[in-house]
């Protein structure tokens, strides 16, 4: 794929009508930089993980956690307390070692190509907030899961799976209402033509829409997105302001004397006229609602939970194998959290790669089906132009090696999606 980035320096003939040479070159250089970063950060991650295993980093951290919890008055019999200390230290270590890579990605690569809208202060405040929120969720959930495994008897894997199912459904339900607003500002989409058209389209396919929000994604990045969430008869649609041509702060000059949050963000005007027109936004939403109407969301949840149940069952089979713990430096104890870590992170690793590939193939199929649904709504022409605009705004490179594309792309390549829409667009 890197060879494709390096050698494809001119717009291919089939792209001549949809992409100018300047945008093509920008996207090529952006993806080349991202590819280089991905290689080195991935290599570092592999080396770090290998060194942790070879040097006994996991048992060392477990002993350190025991010493810390012991000083707080919790002896070895308080395994769950020691597990939570271990988890806190492990996630803190991961956050610290990953920080330079995150800084480089945001303030060098994303900055260089015009996507970063954050200041250093905003970045660190955001990172600290994410870490705290993650711990507030991760530690209580983990403690309850370990407790369930401890008292669950022979069928603990069923109770553990049911618990994780409930937790995942609760998090999906509360995320956009209570967690996401901690990081980004959500405002209701103002009354007007776009809101009326969205409500009309939702009603036409019986989508139980209750609210439409606009999230100020432009204070973080100029990448754009849209999604829906909620269960049963309480669905919401969220649009990033960078998706909306009429709302994107990146399309507006900052007002004189404006301060506050604008001091934490940098308004860049070089991405003028970013985003889509109302008709194109409706086409993008038609695609997203197609995922709901065609049951893709439910199918993904079912697949995820079947996989989760299988993993917990296999965990129950393997957890009694002392050889697994000994291989990772645990000769005298078999802590449940360490067992979860060994089995889910290492033993299942090859299986997870195969599963990931199968889900990627399925995702591409779902994307084509959602495009076809939007086409049936009469949105083919607008979706065609919206895909081109979004590809341009996000500097997506439309040429890819077929093996790389097959393994990594959860969405079909741009040309394949446009070809599928082309006939209906011409009609």
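Cβ atoms are placed via backbone N, Cα and C, with glycine included.
No curator has checked TrEMBL annotations; they are predicted automatically.
Per TrEMBL, the features are as follows:
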- 1-185: domain 'CAAX prenyl protease 1 N-terminal' (DOMAIN)
- 37-60: transmembrane segment (TRANSMEM)
- 80-104: transmembrane segment (TRANSMEM)
- 131-149: transmembrane segment (TRANSMEM)
- 155-176: transmembrane segment (TRANSMEM)
- 188-423: domain 'Peptidase M48' (DOMAIN)
- 253-273: region 'Disordered' (REGION)
- 287, 291, 367: Zn(2+) binding site (BINDING)
- 288: active site (ACT_SITE)
- 309-331: transmembrane segment (TRANSMEM)
- 337-362: transmembrane segment (TRANSMEM)
- 371: active site, proton donor (ACT_SITE)
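Everything TrEMBL records as a feature, shown here on the structure.
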residue: 287; record: Zn(2+) binding site; contacts (Cβ under 8 Å, 6+ apart): 370, 371, 373, 374, 379, 383
residue: 288; record: active site; contacts (Cβ under 8 Å, 6+ apart): 226, 227, 228, 237, 370
residue: 291; record: Zn(2+) binding site; contacts (Cβ under 8 Å, 6+ apart): 297, 366, 370
residue: 367; record: Zn(2+) binding site; contacts (Cβ under 8 Å, 6+ apart): 410, 411, 412, 417
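Residue density at the residue listed as 'active site, proton donor': 26 other Cβ atoms are found within 10 A of its Cβ, drawing on all protein chains shown.
Within the same chain, residues 79-80, 83-84, 87-88, 91-92, 95, 156, 159-160, 163-164, 167, 171, 179, 182, 336-337 sit at least 6 positions outside the transmembrane segment (131-149) and bring their C-beta atoms closer than 8 Å to a C-beta of that stretch. Taken as a whole, the domain 'Peptidase M48' (188-423) shows an average pLDDT of 84 in this prediction. Report note: the Zn(2+) site is defined by 287, 291, 367, and the residues of the same chain whose CB lies within 8 Å of the CB centroid of those residues, excluding them, are 288, 290, 296, 366, 369, 370, 371, 373, 374.
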